[in-house]
Amino acid sequence: MRLLVKAPAKINLSLDVLHKRPDGFHEVEMIMTTIDLADRIELTNLSDDTINILSHNRFVPDDGRNLAYQAAQLLKDRLDIKKGVAISIDKVIPVAAGLAGGSSDAAATLKGLNRLWDLGLSLDELAELGSEIGSDVSFCVYGGTALATGRGEKIEHLPAPPNCWVILAKPTIGVSTADVYRNLDVSNIQHPNTEAMISALNRSSYSDICANLGNVLESVTLDMYPEVAQIKDQMERFGADAVLMSGSGPTVYGLVQYESRLHRIYNGLRGFCDQVFAVRMLGE
Ligand SMILES: C[C@](O)(CO)[C@H](O)COP(=O)(O)OP(=O)(O)OC[C@H]1O[C@@H](n2ccc(N)nc2=O)[C@H](O)[C@@H]1O
Ligand SMILES: Nc1ncnc2c1ncn2[C@@H]1O[C@H](COP(=O)(O)OP(=O)(O)OP(=O)(O)O)[C@@H](O)[C@H]1O
């Protein structure tokens, strides 16, 4: 039997760091929302007890380092499952981009195998398992729009943002999330207003969402990779309503309400950047 699952990317509407924890992780307060840019994962039962990863992207590992592999292995170990699966990943989300591509592949694999192997686990149970794979996996299990706290694994659902376009531009560099957190000076942080963003979402106020975008990792990545600042500048100059780097970067996104302006920004950025996408928020 085979099953197809979509694994959508996320963007951070806000990302705050409260402090560094004794376990080395950072205590965060983030608002994330899913967007209509997704990997497609095909899960096929195998007759022998193995996990195979197939991907045509040279940046995606095809062994135990792959987060989708780790998701399948975790389910097999915890529930003592003696089945095999081939996981084919049609990679659309840019890799090491701040868009949670690997985490979303892991979450989609957890949800897909729950159906394929008829495991009967709840979304909460899958999200809890997912948090063992990576901090973003719990959010990706639920999708939608949410406040994520702890190291990112504690999820509180929020209303979807009002409909708008998201333009994404990823420079050719890939960024290591661990490096960015390591270079963050926690004693010198300009905190975004998370409460104001929650209020903007509750009121469905597009202008207040734009006014309250904020990411404390942005200045760290901008210092490491000046080309990210250039893309931000260009996106602002071409007329996006608000611009921010997602996660640990380097992808920069711009919010745009009117389709008429979308094409100008998209075409303008294509001149500077290979990977540019214009997508909708999913959010629900
Ligand atoms: C930047 C974000 O993507 C924003 O959504 C997340 O905070 C990171 O999520 P992720 O990539 O799933 O992160 P993980 O795979 O759990 O951790 C990668 C590395 O990032 C650092 N890390 C991650 C999350 C966190 N709250 N504090 C950290 O310091 C740790 O050094 C960790 O070793
Ligand atoms: N299924 C996967 N897809 C992409 N990368 C993967 C996958 N599994 C493992 N990786 C590894 O994880 C690294 C980070 O990739 P990913 O695309 O998940 O980063 P990211 O979008 O920055 O994640 P996040 O936003 O959660 O920090 C890659 O360099 C790659 O080696």
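Cβ coordinates come from backbone N, Cα and C, glycine included.
These come from TrEMBL:
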type: ACT_SITE; residues: Lys10; note: active site
type: ACT_SITE; residues: Asp136; note: active site
type: BINDING; residues: Pro94, Val95, Ala96, Ala97, Gly98, Leu99, Ala100, Gly101, Gly102, Ser103, Ser104; note: ATP binding site
type: DOMAIN; residues: 66-144; note: domain 'GHMP kinase N-terminal'
type: DOMAIN; residues: 197-273; note: domain 'GHMP kinase C-terminal'
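Here the binding-site residues are Pro94, Gly98, Gly102; the one with the fewest Cβ atoms within 10 Å of its Cβ is Pro94.
Of the recorded residues, Asp136 (active site) and Lys10 (active site) place their C-alpha atoms 9 Å from one another.
The DSSP secondary structure for Gly98 (ATP binding site) is coil. Asp136 are the recorded positions among Lys10, Pro94, Ala96, Gly102, Ser104, Asp136 whose C-beta comes within less than 6 Å of an atom of ligand 1, given in sequence order. Per-residue pLDDT, averaged over the domain 'GHMP kinase C-terminal' (197-273), rounds to 95. In this structure, the CA atom of Pro94 (ATP binding site) is 12 Å away from the CA atom of Lys10 (active site). Highlighted here would be the recorded positions (Lys10, Pro94, Ser104) whose C-beta falls below 6 Å from ligand 2, but none qualifies. For Lys10 (active site), the nearest of the binding-site residues by C-alpha distance turns out to be Ala100; the candidates were Ala96, Gly98, Ala100, Gly102.
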